[in-house]
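Here Swiss-Prot flags 149-353 as domain 'ATP-grasp'. Annotation comment: Swiss-Prot describes 176-231 as ATP binding site. Summarising the annotation, Swiss-Prot assigns Mg(2+) 1 binding site to ASP308, GLU320. According to Swiss-Prot, the Mg(2+) 2 binding site annotation covers GLU320, ASN322.
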Amino acid sequence: MSNSNSAKVRVAVLYGGRSAEHSVSCVSAGAIIAHLDPEKYEVIPVGITTDGAWVVGESDPERLRLVDRTMPEVQRREEIRPSLDPAHRGEFHFADGSLYATADVIFPVLHGRFGEDGTIQGMFALSDIPVVGPGVLSSAAGMDKEFTKKLMAAEGLPIGREVILRDRAELTDAEKKLLGLPVFVKPARGGSSIGISKVSRWEDLPAAVDLARQHDEKVIVESEIVGPEVECGVLQYPDGRIVASLPAMLRGTEDGEGGFYDFDTKYLDNVVTAEIPAPLDEEIIELVQSLAVETFQALACEGLARVDFFVTANGPVLNEINTMPGFTPISMYPQMFAASGVGYEELLDVLVQQALHRSSN
């Protein structure tokens, strides 16, 4: 493709990738491509296949939609390579060395490992090109639930009880007593509820741990936290202001086959609804917003994040942070900001401009 209008900011939208969240990334990218202001931005689509090949991306967002429970996937097309040379920053070349396109900023719409975990952020840092969203350290810490919780605890933020299982370790009797039942068993570095199980009987724990280890050799076992699930978006403006969205309360999350907010419940079954703003007392809403911003700052995030909570009888408890939250048509992050007065197109504009401003300073 040619960069026909140099007056426009050229945004390379990366999507797909090697993680189990490949298809969710595709749907997010389709929505972003459809909503980037064509008067201001020229989109350079870059797909990454499930086996890691970088290819010319899909420019038609309609081909990146969820249709009849069928999730899209990056197809093998002409391969391209990103330049890591600062003298040729933002360039993508075909295998024969000819130029595909030159980007001014990278929008890595990659969920999960090999994208949201600091790897892509570090790669593009080598070429000194602006990247939307948090940097290497924030992305890596936010992806790993163990280190997320450790940083939150160090900041005095409210977290639940958990045990980390490494190197084929199993829960001890003392750890089982600490956690109680039920527990949630998760890959330590994963998202979209992939590989997660709810365990109500200890005899079911080994199978749940084996499932989680299919996605990550490190597993986290968490006590159940009783209370509604509430999410809050965080957005950083180019001038440095950090704002929290109105929070959303999720309804129907327990209606998944596993009794929790699993992948099918999130994306396929259409049983979850959200109330925005969450029907909570004003002081609880303000506390959720404050904790979301504190979490964002504790991980030294930039640009954006979504912070998830359980609101218990004793107040909000942090669950996790997503440093590249979903941007699908049903994703909470854009919905929460739309309810807060920041539409999808404006939201993307703020994120791209924040990345450009950060790079210039």
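Backbone N, Cα and C atoms are what each Cβ position is placed from, and that goes for glycine too.
Nearest in space to LYS218 (ATP binding site), taking C-alpha to C-alpha distance over the binding-site residues ASP308, GLU320, ASN322, is GLU320.
For ASP204 (ATP binding site), the nearest of the binding-site residues ASP308, GLU320, ASN322 in terms of C-alpha separation is GLU320. Mean model confidence for the domain 'ATP-grasp' (149-353) is a pLDDT of 92. In the shown protein chains, 25 other C-beta atoms lie within 10 A of the C-beta of GLY190 (ATP binding site). Reported as a whole number, the C-alpha separation between SER197 (ATP binding site) and GLU320 (Mg(2+) 1 binding site) equals 16 Å.
When Cα-Cα distances from LYS176 (ATP binding site) are compared across the binding-site residues ASP308, GLU320, ASN322, the shortest belongs to GLU320. Taking the Cα atom of each, GLY190 (ATP binding site) and GLU320 (Mg(2+) 1 binding site) are about 11 angstrom apart.
Listed in sequence order, the binding-site residues from VAL183, LEU211, ILE225, ASN322 having a Cα within 10 Å of the Cα of ASP308 (Mg(2+) 1 binding site) are ASN322. Of all the binding-site residues given, namely ASP204, ASP308, GLU320, the one with the smallest number of surrounding CB atoms inside 10 A is ASP204.
For the recorded site, LEU211 (ATP binding site), the DSSP three-state label reads helix.
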